[in-house]
Amino acid sequence: MARMVSTRRKTINTVLAWGVGLIIFFPILWITVLSFKSEGDAIRTPIEVLTAPWTLESYATVQERSNYLKHFWNSVILSVGSTFLGLLVAVPAAWSMAFVPSKRTKDILMWMLSTKMLPAVGVLYPIYLLFIRMGLLDSRLGLTIVLMLINLPIIVWMLYTYFREIPGEILEAARMDGAGLREEILYVLTPMAVPGIASTVLLNVILAWNEAFWTLNLTAATAAPLTAFIASYSSPEGLFYAKLSAASVMAIAPILILGWFSQKQLVRGLTFGAVK
Amino acid sequence: MKLKYALRAATALALISGAAANAETITIATVNNGDMIRMQGLTDEFTKKTGIDVEWVTLEENVLRQRVTTDITTKGGQFDIMTIGMYEAPIWGKNGWLVPLNDLSAEYDVNDILPAMRDGLSADGTLYAAPFYGESSMLMYRTDLMEKAGLTMPEEPTWEFIREAAAAMDDPENGINGICLRGKAGWGEGGALITVVANSFGARWFDEEWNAQFDTPEWKEALTFYVNLMNDYGPDNYATNGFNENLSLFQQGKCGMWMDATVAASFVTNPKESTVADKVGFAMAPHKDGISKKANWLWAWALGIPAGTQKEEAAKKFVEWATSKEYLELVASKEGWANVPPGTRQSLYDNPEYASIPFAQMTLKSILAADPTNCCEKPVPYTGIQFVAIPEFAGIATEVSQEFSAVYAGQQSIDEALAKAQEITNDAMEAAGYR
């Protein structure tokens with residue numbers, strides 16, 4: 001049924017949406033502004049900050065002091081690697097839960113989610129000791145596995161909800177045509193769930209990119225991603241707001257741009273199944 | 001398409017896990033303070049001299065603490081040198097977690113290191129970490145505002161005089177607060193400040209039997225004085241101000257006085273950062289009339305070598321180099337004497353060029369006034385001034401300072417906070433087996 005929407009209402013909605021959006025985006029905007037100011041100007045009152053001259057000096061200092069590219073590639077490898085590793089486990093798992101549920105499926109799903117309720121620091125020592133034994137400390141491989149494990153519940157849950165929207169009859173039809181389990185998942189289920197999988201991938205890449213507990217605690221010099229890069233600019237004695245802002249902008253820019261371009265996909269994926 | 005990505009990721013992972021560490025590289029964990037960053041910039045000189053490469057891991061102070069504690073307690077071996085404070089050095093040294101530094105070379109001249117620093121970084125007479133820079137606390141004040149108020153700052157002011165001066169300089173209409181002091185919760189933030197204020201009122205954390213002393217009149221007097229002073233002449237919301245917040249206020253000309261780390265002197269007198277660079281005077285940390293202890297704390301960032309590192313020799317070479325007289329001269333030649341890491345060596349203060357810097361002598365006097373083995377007017381069973389060098393202290397003092405910050409924010413009374421502090425501390429000490 002079509003609805004009549006008055007222009008007035010539309011205007012109000014638009015203004016409201018922009019207002020809320022701006023409030024949420026404001027901290028990022030302000031960090032960006034500060035990153036283009038000198039250290040002395042960055043601590044002044046907001047109006048003085050805005051009228052102060054623009055400069056690239058913070059970016060120059062950050063470039064000079066840190067190996068940005070090394071941290072950047074670590075972030076890319078960790079976030080993409082852990083997400084795809086997660087998919088390898090989660091797609092079959094979600095398939096079985098969605099299409100051949102057992103009595104315990106619901107419990108298993110809840111149990112998986114409950115692992116997210118444990119504060120990460122509670123298992124820091126066991127994991128640290130395991131990593132020492134296996135020689136995985138400060139390695140990208142070890143961190144990829146940990147990030148995959150902590151995001152796995154979310155990946156499984158998201159895929160499970162998407163898969164449930166797909167009628168089982170279609171899979172049955174494929175089976176009737178002689179498709180095996182592998183073909184069924186690879187050629188029938190996966191293509192149909194592409195929007196869902198895509199948004200799962202995007203969300204998990206973002207989560208892994210921003211993860212700042214394990215990435216700080218399990219790395220030193222080699223595997224440290226951009227979270228460690230930001231942490232290295234926070235100072236207890238001394239005001240380095242401009243440099244800290246520049247480092248933050250450099251760390252969030254890639255994921256922000258990725259989010260920008262994949263906005264449509266992300267929204268479609270998140271609302272997938274809501275409208276028939 | 002997806003398979004291709006997965007393959008690529010797998011290949012990348014395989015390549016990475018194969019990379020082995022170079023035997024000639026040492027890894028150093030450090031904090032992001034000006035002097036540390038300068039040291040990073042100068043490491044090429046060390047590499048040129050010794051052929052040893054250096055990798056830096058710079059982290060925020062609290063993250064660093066958590067990170068290196070995890071590593072050292074599990075013998076993870078991620079770092080060959082750790083930047084630690086005066087609080088950790090004696091505790092970790094006693095536990096056998098650090099390599100003793102008792103065989104430093106003759107030219108290093110360990111006796112040149114200020115005695116207070118050496119004592120604070122030793123356990124049972126053995127040095128466990130070499131100080132990279134040291135600090136005490138001192139009073140910084142605006143000379144122009146003092147003049148306008150018709151007052152002269154004595155070199156060793158009393159708290160009574162500070163209150164009088166704060167009242168005279170306080171000018172809310174022009175956004176000037178009489179005095180700025182830390183109030184932020186945390187044992188190293190507001191906790192450190194209120195502890196030294198209390199020391200200068202004759203209070204102490206524990207008596208000789210490890211009983212908490214928050215129920216004594218000295219603590220009540222100190223806390224009451226601080227709260228009244230700050231409520232009357234301090235900035236709004238001082239309960240959330242720490243070092244950086246006060247630094248920012250002072251640099252913008254919004255504080256008449258500020259007592260904090262001596263290291264702040266180089267920031268507030270730097271015309272590039274500070275709007276009041278040419279109007280700052282320095283005095284000793286205040287004390288109550290009749291009390292000999294001033295509100296001086298003592299802190300050092302020091303370099304320690306975790307026991308069990310595979311590269312002990314190389315690490316020792318670096319520690320010696322970074323805390324040597326030669327390093328101080330290197331910094332002076334490249335960046336000027338004002339940027340030399342302060343507070344570690346007597347020879348630096350004997351240098352006439354360094355002595356001509358306005359805050360140099362006051363920094364030295366402040367450090368010398370602080371005695372980590374004898375913090376308080378009354379005898380105590382512990383070492384440390386603004387902290388008690390036992391492992392349980394960080395947790396206890398953080399909780400206690402949260403109770404105090406609640407007073408500063410107007411959420412509870414002074415008596416309530418002191419009663420809670422007393423209970424928190426005694427319970428924790430009992431559980432830890434001290435009482």
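Including glycine, each Cβ sits where the backbone N, Cα and C put it.
Straight from TrEMBL, the features:
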type	residues	note
TRANSMEM	A:12-36	transmembrane segment
DOMAIN	A:72-262	domain 'ABC transmembrane type-1'
TRANSMEM	A:72-96	transmembrane segment
TRANSMEM	A:108-131	transmembrane segment
TRANSMEM	A:143-163	transmembrane segment
TRANSMEM	A:184-207	transmembrane segment
TRANSMEM	A:213-233	transmembrane segment
TRANSMEM	A:240-261	transmembrane segment
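Put simply, of A:108-131, A:143-163, A:184-207, the stretch with the most CB pairs closer than 8 A to the transmembrane segment (A:72-96) is A:143-163. No contact links the transmembrane segment (A:184-207) to the transmembrane segment (A:213-233), because fewer than 3 Cβ pairs that are 6 or more residues apart lie under 8 A. Scored by C-beta pairs under 8 angstroms, the transmembrane segment (A:143-163) has its highest count with A:108-131, from the stretches A:12-36, A:108-131, A:213-233, A:240-261.
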